[in-house]
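Engineer: Here it is, the structure in full.
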């Protein structure tokens, strides 16, 4: 193992890691928004809206994220969508993970017992009130952990934007592998940084999970 | 060998789980074709003793011999494994919870070990399975999966599976305890049949009536020791020890 | 620039070849990940620590880093130590190992959940530990995790697009080749997406059928 090399190049990797974190945070936020909307659509009373939700989930989960990203970044200009690589990365990955989060959020909501809605409606609450004050607070507790799994996948998924030349961790590792011919060292360097990010996120999720459970 | 040596010979068996001593210097001899019942309250060590015979629960100290061969010999690991697998092929064991292999059919449950360990051909193994199932009265269930059988049928298949290895000794660890009362009799019938065929058997049981009717000898265990031992009519009807009397009285009350 | 799908039919053969290689690498990697998963699980659970601990470290590394990064490591790492594998083999290896680690996690949990009495009964009949695992414990453990392993295999199909970056001419790279000639990225990526979607549907149907068969044999 070439320690000198690692010490020489690691500042570039740190800078790339910051970009990976930015990408992850923005993608997660967009993913949660899409996931919430998607879940709401899939649970709608209107058949047409349910269909749109289902089509979103099916299309984005049924095709590779890489293809979605390429379609947006390279194909976008043909239909009037001009994005830089970073923007395309956030939007492409956010829409993709949003489809997975839709299923997570929907799963949590429908696993809150049906009796809860009935009980709330019996008390005279409207459908919206029952959802807002009875179902969602319970569902939220159930979805923290599985959403954590989605976010873990998302962080690793940000590596895909290396393929559209965003200078994040994987792209940086690839570039230095090309110039130094030291694949193992570069892998370890990038790998350690990924694992730190993932570990820290995991701790955060566990903390949140515990916090919402105690209430 | 001119000197007589008992068929099953357990000498000074001691078993500890950490601080807890569950078997305290137990010795037991069983002759060929004998049928011995072990009774006693739960936690008395009776199952542990039975499971020490095929070394499923190895003893802390003491020796177990079967037919002139020491079962729990001290050997290097690899050699020991080979030795114990050999010995276990000669000892059939039937468990409280049947432990049939759910992913295999009844036929495969029975033929697996003979094919794998004795190199029996497919045809011979099939004949063997049919013969053993005929024996326990379940030939019509040969291609069922265990999940399709009642508890009593499962236990009869488990017995057939053990018999297919042509064991010299059969161990029964509360074979009927997990069964619904109406299913106990069919399993008892099979065990009685084995008794009539002069199989050597050691039976851990809660069923005093059955023990009395088929066994030559009864051991009453409590707290890791053999409290009383003798012919069934003596142990069940004229026990000399107070602990035996108490146990039997409580058991009779419980049975009502 | 607008869309013009009329250029697509001219590349029908290129796309179909891509479909073929996507299916081929998915199947190869899936088979590798299945048996690799069993192998890793058995090692993690039963091997002596000198073997199982490095194994766990390897699993940890593979679960905590992106597949794309792992593909780069395998592809360039092998070249560095003088092994020049065809891209297809390196790609199958990378995808297969990656998913073997995920399958191993599932199988380990499942092995531990198989009733202890099963191992006891097998050992009582005289089977060795290895035979008991091979014939009794592992078949039951694997049967119980077919649905989640199936989900991993579906994820594998979609992640197979990544091997395009190390030069496997599967569907994604085939689309890129067509784009290089026509400068029509939207059309060809859309066609590739449709192909993936159809393969995905087919694979789901096969897996559901397999699950039903396994369910029925209980």
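For all residues, glycine too, the Cβ spot is worked out from N, Cα and C.
Predicted automatically and left uncurated, TrEMBL annotations should be read as such.
Small disclaimer: the values here were computed from a predicted structure and weren't measured.
Per TrEMBL, the feature transmembrane segment maps to A:16-39, A:51-73, A:79-101, A:147-167, A:187-208. The domain 'ABC transmembrane type-1' feature in TrEMBL is assigned to A:17-205.
Can you tell me where each of these features sits in the structure?
Structural biologist: Long-range Cβ contacts of the transmembrane segment (A:16-39) within its own chain (Cβ-Cβ under 8 Å, at least 6 residues beyond either end) map to 53, 56-57, 86, 89-91, 93-102, 104-106, 109, 147, 150-151, 154-155, 157-158, 161, 166-169, 171-172, 190, 193-194, 197, 201.
Within its own chain, the transmembrane segment (A:51-73) has Cβ neighbours under 8 Å at 38-44, 81, 83, 85, 88-89, 91-93, 95-96, 98-100, 102-103, 157, 160-161, 163-164, counting only residues six or more beyond its boundaries.
For the transmembrane segment (A:147-167), the residues of the chain that approach it from at least six positions outside its boundaries are 16, 19-20, 23-24, 27-28, 31-32, 35, 65-66, 69-70, 73-74, 85-86, 88-89, 93, 96-97, 100-101, 104-105, 174, 194, 197-198, 201-202, 205-206, 209, judged by C-beta separation under 8 angstroms.
Below 8 angstroms of C-beta separation, residues 1, 6, 9-10, 13-14, 16-17, 20-21, 24, 144-145, 147-148, 151-152, 155-156, 169-170, 172-173, 177 of the same chain, each at least six residues beyond the ends of the transmembrane segment (A:187-208), sit close to that stretch.
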